[in-house]
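Read the structure below first, then the notes.
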Amino acid sequence: MKINKIILFFFLSCLYLFSSSVSAQQLLGEIEITEKSFTIDASVINTKINYLIDNTITKPKLSVTSIFGEATSIDDILRISDDKKSLTFGDYTSSTLSSSNKLVSKINLNSLILISFSTIITFGLFTKNNPRSSSKPLLFIVLLICISIFNLSNSIKISEVSVRIDIKVPSTFKFDSLILTLGSGSSIINGLIASSLKIDGCTTNSKDHSIELNQISISSELNICSTKEININEIQLTSTNVKLNLTSSSNVNLDFHNGYSGSFSINTNDLTLDSACETFKDSNTGIIIGTCNGGSDNSKLSITAITGKTVVSNAEITCPIDNSWRVTVGADNVPPSPSIITSQPATDFIFKKNDLVYMAQYGYSNQSITDGPVENSFIVSYPAYIPPSNFLVSKIIGSPTFKANVKYQFSISVKLGQPLGSFNRIQNMSLYFFNPRDITDPINGASQYYELKDTIPLFVHTFEGNFTSNTEFALTKIEFTPTVDIGTSIFGLRIFRTGFTGGDVVTVIIKDMKFTILPKTITQPTLLIKDSELVNLPKPSTSFDPQDSSTCPYLANDLVHWHNPSTWPNGIIPSPSSNITLPEGKKVLISPCSISQTQVYKWIKVPSTSELIFADSPMDFHVKDIYVEGKFIMGTTKCRYNSKINIIFHGEKTLSDTISQYYGSKGIGVSSSGFISVHAKQYHNTWSKLSASAWSGDYVVYIQDNVNWEVGQKVVVITSYYQDEDNNQNEVMTIAAIQGKTIQFTEPLKFFHYGGQEYQAEIALLTRRITFQSSDVNQFGGHVMVMGEGQFAGLGLIGMGQRNIKARYPLHYHLGKVLKNSYISDCSVTNSYYRCYTIHGTNNVTLTRNVAFDVSGHCYYLEDGVEMDNTISFNLAAYVHPIGRPAAGPSQIGEVFVESDNLRQPADCAASGYYITNAWNKIIGNTASGGWAGYAFPNLDKPIGNHRTVQMIPKAYSTKVFEGNTGHSSGHFFITGATIYVGANLTYNEVDGLLYYDSGRFERFTYKNGTVVYGNEVPMRFNNTKIYLSNFGIGHWGEYVEVVSYESHDNIRSASIFGEAWLSKAIVNGNSNNIARSINFNKQGFQYYDTYVKTVLSNISFRNYIRNPKSLNDEDDNRAIISMTHGDVFKPQGISTARAISFVNVAKSQIVGHQVLPTSGSRYFNFIDWDSSITGKKPGQPALVGSHELWYKFDNTCEYNSDWTCHICEKGNKEIANIQFIIPGLIDDGVLVYDSFENLNVGNISLFGSGITERRSTIVTKNQGVTGVSNMGWYLYLKAGSPKYMKIWLSQVVYGQHIFLALPYPTQTTFIIKSNYIWGSAINYNHVFSLASSAADVRSGNGTKYYFDGNFLYVKLVNLVLTGDPSEYYERDGVKVYWVRNSFSVSIEATNTVTPPTSDGFFKNLPDNLPSSSL
């Protein structure tokens, strides 16, 4: 048994070694081709020949790869002649191996190994103890078989060998002669340049060899014979004396690159020849002869395909090479527009399975709605024993929309899944339209639970129908008329059965469930005559750019044609697969016929002395890379092209620099010495706004501006919805007709788009005559990167940009420093994988009148923080998407994102329409829709990227000009997000080399010219700004800001501005007439901040803040002005003022919202109504508004407003004051204590004197700071007792004001009281207080005296440093807000030897009695 196993192992080893000796796909070797005349004889072998252009090599080479057969080395099957000019295939295994051709074949080696191995085993077996083993004869047989096999395999059968021959040459190499003698197989020859090419596949054997030639260039002779089909595509004849002889037993397809001029003789069964050739048939031979393009016999074409078909194409010379010839210039052919329709057809809005969610009290699952049996149908399944009511809820919010008092139609076809019975009988159905906040979210909700309780829908309509058949669908069609406009709503169809289901599942099949907007006559509505009530939104000039056709670049008389062989140094027009460098010093003109419009050009370089100029004629140009050191011209400022020219960029995703070093791949790179100019027809305006609202089902819209848009072009109608990213209501439409400012679409609108007086949806043109676009490969589009001057106008960029690869953006000025005449005007970017228009390390560039739609990452992008003095004007950015998970985070904190492969610029988690790292640029007349923010001003402490070593502070620069900009539908990802967001922090980490982006609150100090010097501070200024449908309209975390002339509509909050902040000349409108607005959110006009700011509101009209009885509290309700009451550690000082405030459709109860909480933020809330325009207290005179605490009831003018939960008083000679008690161990300086109210409470402070007898007090906590009314007595009582030492910062006791402070102490206490000013001064403010004669003497004194009456210590707190200088307050519009500064303090040190303080430093057990009311 053991010997049999050995024999089996031995035999299998033999077979394995034999099979390995004939394995395929093995590189046999390479040969360098050194001669320009070369012959290959492969007549005895099957070959697959590939001729390839390879610019990675400098000399031609030939490689041979085994496909099938026994060859293991090229020495086995070919020989090269001594003169290196020919190569012959054959069986050379029996030849004697020379010293220069040392080869031991794999087969011979295998044979040697196997025979040696066999001998050893055989010897061992024969010498074993059992000489009679019957296995020995079998072993001999196996051994003989193996030896025979390997002897047989040692001899190659060349006829059974198949190889691939790859001939690779650099693109500039030209053969004088290439001769191929072929056996069976195939040949594909691409890009060959030769004087003579001969391919013989006929004479040596009868085996078939197919031949395909693509884009070859021949200057003398082409001779091909094949028994199979011959295909020649785009052959280029580079002289006027070329002989072509083609012979085939099958078909011949001959395609010329630029025509053929010469004679021909064709013998074929079937001939197709284009009209450029004159033919006649020889009556004797039947051969067709003639000439093409009037040519002579200098060039001759002979084709023999007697049994086959011959096609000769593109024989016409469409591209003459005469330098004076020009292609016909493209005309400005504007498609005629039909008349605008006067009646609108019906429009159906069908609900399919994936549009709906099943909701009920219970009994729901993800199988409640499944696919139906026919188109537009679905099955509703009811499990056992469930209640009789359920909803089918639409996932499509806001489509369709319905006008009040207009008739609409709803239809549904129903078939029961089982015969009608008591468990599946449908009693009725109802159309419900819900406010989104009143129903489970059908899109993002995690539950299907819904129970109709006390919810009041926007509209409901109940109907009965034919719901009884289980054999066929029964149609129910009803009409309904809404009583209210229905915009942002969630539609639910309630199906109400007569009872619970039984023990079995029942089903209902529904088909063609739809709303129908009925046909109507189109009547032009009343159109807007201005776009804003208050702000002035500038518009670009109505003039078109002046044109002068005589200056067009293609008319120059010193141009040479791309398609002229003499243009090129080697006399050969380069093939697309080659690396092409334009000849030095030449201006090369490309016409449509100059190039292949289907082949992909690999790489084109324009040297510094050369120019590549395109004709103004329609063409498609497929290319991978273009590198421009000279000039790339496709139109100029004064010669815009009318033709449709399309450049399509190709290439797989790579990080390699295939254009040139640092320029990446798949696009155009323009060096610092280069210049690019692309100018297509000017469409103006590139975007406009609606002049009337457009409804679901509308075909016709009305716009505000004259435009020259065209039938067939695409436009986008921008959303009128808040949460743009969650519910895309931007609609791309095609123009069917256009007349003046009226546009008709080919399809109806699905959504409502608002065009009211408050604001209007934008409409933007997407189509352009010249386009750059990409073959879509893994979000790896083309890009244009310009380091020199670049001018672009009227260019469309589609599917461009390379996701998460820096510097690979659709259109990009890169490290250009200060440019002189560069701009991007009236261009469009759509469906971008990475940004829109980028300015990087470049100044003095203009981006104007451009459009961008559907973009990932920041759109208009200033990259490193050094970009200044650029103009960004009259542009549109819409539907901008954060990359990855959008930044969120609690409150003001935000989140930190770190640079990674999936988020190369971490700030893209908060992608914006306009990303402005340095504010010293002109931002004028733009609009932004969507995105995390519309306009983002991140904080950069220093530049990033290529400019990390530049010494500047980008965030220190203020706005150069920010004028007339609008934004909407953004800010909703972050609780304090805003459409204009001045916040977040972007830093470069020197340790790990990565960017870090923190999306939250960061302070920002801005200075004149960015020079950080005290006294040089200037505000960021935002003029004539309109923000709507936003979270916070403007969010500014900086220190200096002015917002002047501002409209806020439908924002959750109009603005959140900090530091020295002025909001003036504004309309703050809580609710517009836009039915698509966010009705599911409460809104507040403005929230006063809670500490260390100076806020002035002036000349503001608050409108349409309507009470919501379901609000959580007064701050959550729809109020015009609200407090900030969330915490104890931050104490409001006298920091908030207002003047000239008015209200429209705001009930008095909704003017102020103050939430009563046990926090210092709530207790100390206050503001000054400078002219009583808010309170109506004493018109023209200032009023003081204080919180709910009696502490603010400082005189008899004070009244408590229960709606506001605030006191309203005449201000008189009072001001808001703030002092900060520092008591070691109780109230520590600079320590923030977060704890419960009970643990924070350390005592109280009360008003006294001025006739006050009752307690008017508030709580004092462990967090420093007490705010109240100045020129009043303040009595401090601490539960721990009065301290032996305390310091009092006079943080805000303004000039001319004081606080008369009283504290209880035990009798016989003595005091040392001092004042201290922490800064140096020529005047001594450090005093030791003297003992006065009475409390009255202290109060009437200068603030350097004290008095102790045996019960109370009296000190008058006066900030002795103040003089009333304007530097002590912030003033705008005649309104002052005083500084809060901890620089002047008063310290009190108490000593009592009779009743000493306890060890913790307090005098205990003191009575709590108010000082005299007569003081």
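Cβ coordinates come from backbone N, Cα and C, glycine included.
Because the structure is a prediction, the values reported are computed rather than measured.
Annotated in Swiss-Prot:
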- 1-24: signal peptide (SIGNAL)
- 107-127: transmembrane segment (TRANSMEM)
- 138-158: transmembrane segment (TRANSMEM)
- ASN245: N-linked glycosylation site (CARBOHYD)
- ASN366: N-linked glycosylation site (CARBOHYD)
- ASN428: N-linked glycosylation site (CARBOHYD)
- ASN466: N-linked glycosylation site (CARBOHYD)
- 566-692: domain 'G8' (DOMAIN)
- ASN579: N-linked glycosylation site (CARBOHYD)
- 819-841: repeat 'PbH1 1' (REPEAT)
- 842-864: repeat 'PbH1 2' (REPEAT)
- ASN844: N-linked glycosylation site (CARBOHYD)
- ASN985: N-linked glycosylation site (CARBOHYD)
- ASN1009: N-linked glycosylation site (CARBOHYD)
- ASN1023: N-linked glycosylation site (CARBOHYD)
- ASN1099: N-linked glycosylation site (CARBOHYD)
- ASN1244: N-linked glycosylation site (CARBOHYD)
- ASN1342: N-linked glycosylation site (CARBOHYD)
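When pLDDT is averaged over the repeat 'PbH1 1' (819-841), the result is 98.
Taking ASN366, ASN428, ASN579, ASN1009, ASN1342 as the glycosylation sites under consideration, the smallest Cα distance to ASN245 (N-linked glycosylation site) is found for ASN579. Counted over every protein chain shown, other Cβ atoms within 10 Å are most numerous around ASN1244 among the glycosylation sites ASN366, ASN1009, ASN1244, ASN1342. If you take the Cα of ASN428 (N-linked glycosylation site) and the Cα of ASN1099 (N-linked glycosylation site), they are about 55 angstrom apart, rounded to a whole number. Residue environment of ASN844 (N-linked glycosylation site) contains 18 other Cβ atoms, counted within 10 Å of its Cβ in all protein chains. Its own atom aside, the Cβ of ASN466 (N-linked glycosylation site) has 13 Cβ atoms within 10 angstroms in the protein chains shown. All protein chains considered, the CB of ASN428 (N-linked glycosylation site) has 14 other CB atoms within 10 Å. For the pair formed by ASN1244 (N-linked glycosylation site) and ASN366 (N-linked glycosylation site), distance between Cα atoms is given as 59 Å, rounded to the nearest Å. In this structure the C-alpha atoms belonging to ASN1099 (N-linked glycosylation site) and ASN985 (N-linked glycosylation site) are separated by 33 Å. Highest local Cβ density among the glycosylation sites ASN245, ASN579, ASN985, ASN1023 belongs to ASN985, counted as other Cβ atoms within 10 Å over all protein chains shown. Here the candidates are the glycosylation sites ASN366, ASN844, ASN1009, ASN1023, ASN1342, and by Cα distance the one nearest ASN466 (N-linked glycosylation site) turns out to be ASN366. Nearest Cα neighbour of ASN579 (N-linked glycosylation site) among the listed glycosylation sites (ASN366, ASN844, ASN1009, ASN1023, ASN1342): ASN844. Here the C-alpha separation of ASN1023 (N-linked glycosylation site) and ASN985 (N-linked glycosylation site) works out to 25 Å. Taking ASN366, ASN844, ASN1009, ASN1342 as the glycosylation sites under consideration, the smallest Cα distance to ASN985 (N-linked glycosylation site) is found for ASN1009. Summarised by DSSP class, the composition of the repeat 'PbH1 2' (842-864) is 0 helix, 16 strand, 7 coil. Cα to Cα, ASN366 (N-linked glycosylation site) and ASN1009 (N-linked glycosylation site) are separated by 61 Å. Across the range of the repeat 'PbH1 1' (819-841), the DSSP-based residue counts are 0 helix, 17 strand, 6 coil.
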